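**Q** Please see the structure below; I have some questions.
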């Protein structure tokens with residue numbers, strides 16, 4: 001898919017004319033371009049901050065030289081490069097073909113012989129790459145294009161040079177958790193070609209089954225599965241197990257090299273003597289061959305029809321499995337609803353498609369604003385043209401058993417609080433980014449902040465973009481009228497209202513965690529560093545080294561709460577003064593192994609205690625002294641921090657959390673007593689349980705479970721069409737959450753009845769946010785959505 005160029009994109013790179021955007025990666029943007037002779041190439045550019053690093057330039061120059069030596073048939077050849085340009089770039093041959101990810105998502109798992117054919121081609125490509133002194137380090141389905149005569153491996157040009165490990169950068173993230181090797185997850189600086197062989201095995205699992213071998217709810221959980229549980233090989237044909245299991249040996253020395261793999265595969269592929277045994281048509285299903293031919297001829301890919309239990313949109317870009325046991329969702333309309341044409345001077349407005357308790361709420365194509373919406377005065381004139389909303393339940397929904405998906409709850413619930421209306425004159429909008437959107441939106445005053453490589457500030461009222469940062473932001477926090485962000489090695493702050501630069505400093509390593517509170521910015525950097533900065537001017541307040549390096553993710557970084565910084569260092573949890581770095585106390589929490597191989601997660605509560613989840617343990621430590629109030633032990637590890645609710649246990653007060661296997665615990669905050677525990681039917685994620693209005697809400701697998709906070713009695717359960725993503729949001733008697741089935745759901749919090757749902761073009765990312773009657777959500781379709789929390793995409797309401 002090629003996107004249009006923005007006003008900030010170059011029109012020429014070196015001798016090439018730039019035609020469009022192909023995408024973006026961790027190191028920069030990728031463009032489609034054309035040479036003077038008409039040859040099309042893919043050009044990968046390098047981010048500005050990396051280009052300013054002289055050590056990176058040396059590494060990049062040497063790897064370009066090595067990449068030129070890769071000449072295998074199954075790789076996309078390097079055409080040209082300029083590592084000394086102001087913005088370094090690398091051009092490779094453009095291959096108009098679908099990726100392996102697209103083929104499997106749209107056509108289903110491959111037959112066993114097709115998997116062998118794919119494996120042989122990729123193994124030969126790896127032999128060429130390794131022979132040039134490179135390790136790919138990010139071999140995955142989206143980096144393998146499939147053409148008629150075999151696969152083509154791409155994105156090896158900025159791999160890690162194995163001939164000079166001194167040049168390996170510690171502040172450049174390379175690799176995808178679902179497909180990386182164990183040694184890469186532990187230390188990405190010391191991998192060898194055997195790491196690519198493990199990734200090949202993981203990729204073959206996806207090709208043969210339709211799901212990756214490791215598929216946690218987030219990168220931390222995925223790495224946990226990789227290192228502790230082993231691959232999920234459900235659905236893998238027995239005849240492929242010896243091949244794939246040999247590639248996925250935990251010890252690198254036990255894996256075959258690419259030449260061994262080719263020798264192992266040759267008898268299966270070429271023993272028949274068939275002339276066409278090396279082509280896609282000999283092995284792939286007819287539909288997949290048609291997809292390849294269509295892409296080669298410039299035709300767009302045809303999306304598969306969606307069935308009730310099918311694969312139509314059950315596979316997102318991550319390759320997650322389609323739902324198997326979920327109840328069927330009502331099918332979307334065969335076409336977008338027809339919106340009456342407004343007068344020439346009146347812009348079109350979105351029609352309300354689906355009302356409360358109806359089918360999926362859909363934003364009709366041309367009638368939905370991409371970016372800023374029309375003026376309120378125009379909305380009043382156009383509102384009369386909108387068709388009335390449907391009020392009946394979708395026909396394909398059958399009445400579920402009590403307590404499930406909106407049937408009568410097992411226990412009567414109290415009446416919800418009266419709903420809060422959206423601001424007068426406001427109407428729903430969506431804004432489409434030019435790049436992927438990730439994470440949870442932040443709302444402050446009249447702006448919503450979203451990360452899409454840069455930080456984008458959108459006007460709450462209209463959806464217009466107020467500004468965006470000029471730098472990439474991998475980490476972001478909004479506090480005290482400032483945006484604090486990091487592009488990796490640089491920490492910077494901007495005015496949250498206007499986007500003006502306030503300050504920027506260079507850090508010694510890649511920032512993977514960032515928090516801001518009470519005038520202090522706390523960062524955690526790769527290699528075990530933790531730093532505190534003055535939020536207003538950027539001066540470094542203090543720094544410690546030797547912090548844990550087993551889990552370098554935003555969830556596992558140093559924590560900042562009410563003037564206290566919590567650092568996991570030398571097997572101890574240390575409480576430091578956030579302004580001075582002075583140690584107040586420390587507790588022997590243990591190392592990663594003694595904590596069950598999972599990060600330590602904590603919550604500081606207003607009762608003067610910090611509640612800590614460390615593996616299978618939960619502890620209550622006094623904030624002032626570190627004194628242990630109580631200790632609780634569970635049979636399974638906890639991935640999420642505890643949730644504290646003030647008040648006595650008889651009114652629902654206490655500490656709530658769910659373990660990795662999905663069991664929900666209610667602990668007495670005064671003594672740690674296990675008041676009740678309820679086992680759900682699927683594993684939990686790293687998101688904390690949500691407690692509101694006497695209810696405990698927890699997303700576990702495809703189910704959203706609601707329990708009575710006092711007794712643990714199940715109130716209701718809602719079954720979504722895919723795994724629940726992020727933490728639900730509760731406000732004004734409604735609960736909002738996203739799912740991997742591309743839907744944003746809104747339920748009545750008291751009984752679980754479906755209020756409305758929005759069908760997006762991708763998986764919901766992060767968690768929805770509700771503010772002043774508006775729910776904000778981001779999707780992998782590159783859109784930010786702002787919807788009426790009560791009605792979804794209802795008509796505009798004005799005073």
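Cβ from N, Cα, C; glycine included.
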**Q** Of 71, 475, 779, which does Swiss-Prot mark as phosphoserine?
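**A** Per Swiss-Prot, phosphoserine applies to 71.
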**Q** Write down the residue from 168, 580, 651, 670 that Swiss-Prot flags as phosphothreonine.
**A** 168
**Q** Among the residue ranges 359-392, 393-426, 427-460, 495-528, I'd like the one that Swiss-Prot describes as region 'Disordered'.
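**A** The listed stretch tagged region 'Disordered' in Swiss-Prot is 393-426.
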**Q** Reported as an integer number of Å, what is the Cα distance between residue 138 (active site, proton acceptor) and residue 30 (ATP binding site)?
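**A** So the alpha carbons of residue 138 (active site, proton acceptor) and residue 30 (ATP binding site) sit roughly 16 Å from each other.
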**Q** Check the DSSP secondary structure of residue 71 (phosphoserine), expressed as helix, strand or coil.
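**A** Coil, per DSSP.
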**Q** Express the distance between the Cα positions of residue 30 (ATP binding site) and residue 71 (phosphoserine) as a whole number of Å.
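**A** Rounded to the nearest whole number, the Cα-Cα distance is 21 Å.
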**Q** What kind of secondary structure is residue 22 (ATP binding site) part of, going by DSSP in three states?
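**A** The three-state answer is strand.
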**Q** So if I draw a 10 Å sphere around the Cβ of residue 28 (ATP binding site), how many other Cβ atoms end up inside it?
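**A** I get 22 for this one.
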